[in-house]
Structure formats: structure tokens, C-alpha cells
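Inspection log for the structure reproduced underneath, given as C-alpha cells.
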Amino acid sequence: MMRTLITIHPLPLLLLLQQLLQPVQFQEVDTDYDLPEDKREEFEEYVEQFFSTGPTRPPTKEKVKRLLLIEPGMPLYHVDYCNSEIMRKNVYYKHRCVAEHYFLLMQYDELQKICYNRFVPCKNGVRKCNRSKGLVEGVYCNLTEAFRIPACKYESFYRKGYVLITCAWQNEMQKLIPHTINDLVEPPEHRSFLSEDGVFVISP
């Protein structure tokens, strides 16, 4: 059982283990773990975010691709889509579950172009978002149980609509890049839901 957990969720479990073992007054974080090269940078980012008391790192292209974009595979309307992908992609903030999250079925270049579209009102008090010109398929994840990793449980909602994003200037790339997904707004003719029998339907 423990081997299975470590294989599926290596980064969150390493963070929790380190927090339990180190003395409270210990200030420096040892990140010299025997991790594959493609996971080392990701783990160091989690360590910095986990112990930092300041603002989070600015977005990067690789971070956006890793956390927000998905490839065809598991059906987007699968009831456990969010639970599976959030664990697989290690979508957390410090040691807590995120309250909501979006996964988009699109390429990064398509998402990045939205940063140059016109501004529209956002939700949750955000003043300006950029809206996609076409409909985008994705999944909205809403936290339903627990608040600390790795016990996060989510309800999954398939959506096909206009994606609203915020963007930030990236100095190294000298261009705007996607920062957060604010919403995925379905037009009335594309409202989708699960029936009482758990069957995915699209209203006419």
C-alpha cells in the first residue's frame, strides 16, 4: 500500500514527510533527493511554494502546460476525472487542496493567443479577463471533501464553452503568457450535465 502511494503521489508525500521529520527551527530545506531529472525542478518548485511565506512564483510556460492543459485520454465527463488528474499533476497550494481548478483540452499556443483577445468581465471580483473566440472543451473541478493533501476530493463537471483567462508579462520570453483560468462559460445551447442516472447528456 505504501509503495503504491509513493508511486502515485511522490511529490506531496515527500513534502509531508519532510515537514514531519525536520525540527521547527530548521530554516534550510534539503532538496537533494534521488529524483529523475524531469521531476527535480518540479519538486524544488513544490518545496519553495510549500515553505514560502511570500508571493508565489510568476507563471512559466512549462508550469501552465503541466497544471492546466490535458491530452485526449480519459473521457472528460468521467465522474473521477478531477480526482485522477489533480493527483497525477500534483495540483496543490502549499499543503492544502485548491478550492477549484480547470483543465483545458487545447494546445499551449492556442491558449497563449487568448492573452491578446479583448477584455471581458471575470468572476470572483477579478476586473479583466481575456476570452477565447471559440469554444473550448475542458473540466471544472470543485473541492467537496478535505482541505489538506493528499485527501482532496473533487466533483468533476465537463464543460464546452468560452474560456476566460488572466495573463501576466513574462520578462524572459518578452510576451504575455497565461496565468490563471478564471472560468469556462458555456453558452445556453451547450449546457451539459449528468442526469440522475449518472448519464452524460447535452441539452438540445
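Each residue's number is its place along the chain shown, starting with 1.
A Cβ is built for glycine as well, from the same backbone N, Cα and C atoms used for every other residue.
Since the structure is predicted, the reported quantities are computational estimates derived from the model, not experimental observations.
The recorded disulfide partner of CYS97, taken from Swiss-Prot and restricted to CYS152, CYS167, is CYS152.
Of the cysteines listed (CYS82, CYS115), Swiss-Prot assigns CYS115 as the disulfide partner of CYS167.
Burial estimate for the glycosylation sites (ASN130, ASN142): highest at ASN130, by number of other CB atoms within 10 Å.
Distance noted between the C-alpha atoms of CYS97 (disulfide bond) and ASN142 (N-linked glycosylation site) is 10 Å. Cα-Cα distances to CYS167 (disulfide bond) place none of the recorded positions CYS122, ASN142, CYS152 within 10 Å. The distance from the Cα of ASN130 (N-linked glycosylation site) to the Cα of ASN142 (N-linked glycosylation site) comes to 22 Å. The number of other CB atoms found within 10 A of the CB of CYS152 (disulfide bond), across every protein chain shown, is 24.
DSSP assigns CYS122 (disulfide bond) to coil in the three-state reduction, outside any helix or strand.
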